[in-house]
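Undergrad: TrEMBL feature annotations, pasted as is:
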- 19-268: domain 'G-protein coupled receptors family 1 profile' (DOMAIN)
- 6-28: transmembrane segment (TRANSMEM)
- 40-63: transmembrane segment (TRANSMEM)
- 69-97: transmembrane segment (TRANSMEM)
- 118-144: transmembrane segment (TRANSMEM)
- 172-193: transmembrane segment (TRANSMEM)
- 214-238: transmembrane segment (TRANSMEM)
- 250-270: transmembrane segment (TRANSMEM)
Amino acid sequence: MISNQVIIVQGLIGVFLSINLFLISTFFRKEVFYTTVRYVLFAVTLLSDCLFLIITNSLLVSTYFGLTIHIWLCFILYFILAVYTFVTPLTLTAMTLERYVAICMPLRHAELCTMRGALKLILIIHGLGAIPCTVTLYIFFAIVSPTFYSQNRVCSVETFILSSWQGDVRSAISQFYFLIMCSVIVFSYVQIMKAAKAASGESKKSTWRGLRTVTLHGFQLLLCLIQLWCPFIEAAVFKINLLLYNNVRFFNYIMFFLAPRCLSPLIYGLRDKSFFRALKLYALWITCQCKDRIIWTP
């Protein structure tokens, strides 16, 4: 029998994926969106979150039912998942820097924030996101026996962590990344705050709107940072009670893995006036199309 927790997760992921796919469809319907850096970065977070949700859900279901797969397929899934675990927070940091440049260095914004630069930035983000898992897998391949590669196993992140010191190395790298990202967020927030106090009129409103966006990015980044501590909390709870461990792990997955992936639509999909207007028009068009089909269905 399928547990209520698995059913709840399937429902939440279905809702989040539907919202994200709707936003992605809206993004490609207007040229201004896919030729503007901040919207392109927004689309990267949406695509990253979709891929992350699909893979984590697949691993969750396979683990729940005890399904085994070949270790090389597990390796590919782990590599993709590990990269896109970092792509979203790194992209959020890049979006914060873009807001900093737009507000604090408006004369250089057009020069620095070009589409060519955005494509290079996306490649750099993926490269940086691949470093932690590359280190983890390099250590794994160095100590594992050749017979391990021919095995079938239930795929999980723990498959590639054979000793506690490997987990410590992975945690240290992750916390270093998030320390740098938090520093960038705080720096941008302080500089935008100074600009907001010095601005006046319409410029002041725009600056404070940018400040609120940076604050929300910081909150989302905080949730991503907390997920690094989830394995330590779960390991401690596991020694106390198995039922409590399952409940804590379910709560952590909802709050610190799924929740940060639904904040991006809230920040740009609903708060950005241009994108929200396009969303309403697209939703209205879909509604009209559905009504026409109902009317003309024989």
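Numbering starts at 1 and runs along the chain as displayed.
Including glycine, each Cβ sits where the backbone N, Cα and C put it.
A description of the local structural setting of each listed feature is requested, covering burial, neighbours and distances.
TA: Through the fold, the transmembrane segment (6-28) approaches residues 34, 39, 42-43, 46-47, 49-50, 53-54, 57, 60-61, 64, 250, 253-254, 258, 261-262, 265, 269, 275, 278-279, 282-283 of its own chain, all at least 6 residues removed from its boundaries and within a Cβ separation under 8 Å.
Within the same chain, residues 6, 9-10, 13, 16-17, 20-21, 23-24, 27, 33-34, 69, 77, 80-81, 84-85, 87-88, 91-92, 94-95, 98, 115, 118, 121-122, 125, 154-156, 253, 257-258, 261, 264-265, 268, 275 sit at least 6 positions outside the transmembrane segment (40-63) and bring their C-beta atoms closer than 8 Å to a C-beta of that stretch.
Residues 38, 41-42, 44-45, 48-49, 51-52, 55-56, 58-59, 62, 121, 125-126, 128-130, 132-133, 136-137, 148-153, 155, 157, 159-160, 177-178, 181, 184-185, 188, 214, 217-218, 220-221, 224, 260-261, 264 of the same chain, all 6+ positions outside the transmembrane segment (69-97), place their C-beta atoms under 8 angstroms from a C-beta of that stretch.
Panel annotation: around the transmembrane segment (118-144), residues 37, 40-41, 44, 75, 78-79, 82-87, 90-91, 94, 160-162, 166, 169-170, 173-174, 177 of the same chain, lying at least six beyond its termini, place a Cβ under 8 Å from a Cβ of the stretch.
The list of residues near the transmembrane segment (172-193) in space but at least 6 beyond its ends in sequence, with Cβ under 8 angstroms from a Cβ of it, reads 86, 89-90, 92-93, 96-97, 99-100, 103-104, 128, 131-132, 135, 207, 210-211, 214-215, 217-218, 221, 224-225, 228.
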Undergrad: Counting only residues 6 or more past its boundaries, what in the same chain has a CB within less than 8 Å of a CB in the transmembrane segment (214-238)?
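TA: Sequence-remote neighbours of the transmembrane segment (214-238) are 88-89, 92-93, 95-96, 99-100, 167, 171, 174-175, 178, 181-182, 185-186, 188-189, 192, 244-245, 248-249, 252, 255-257, 259-260, 263-264, 266-267.
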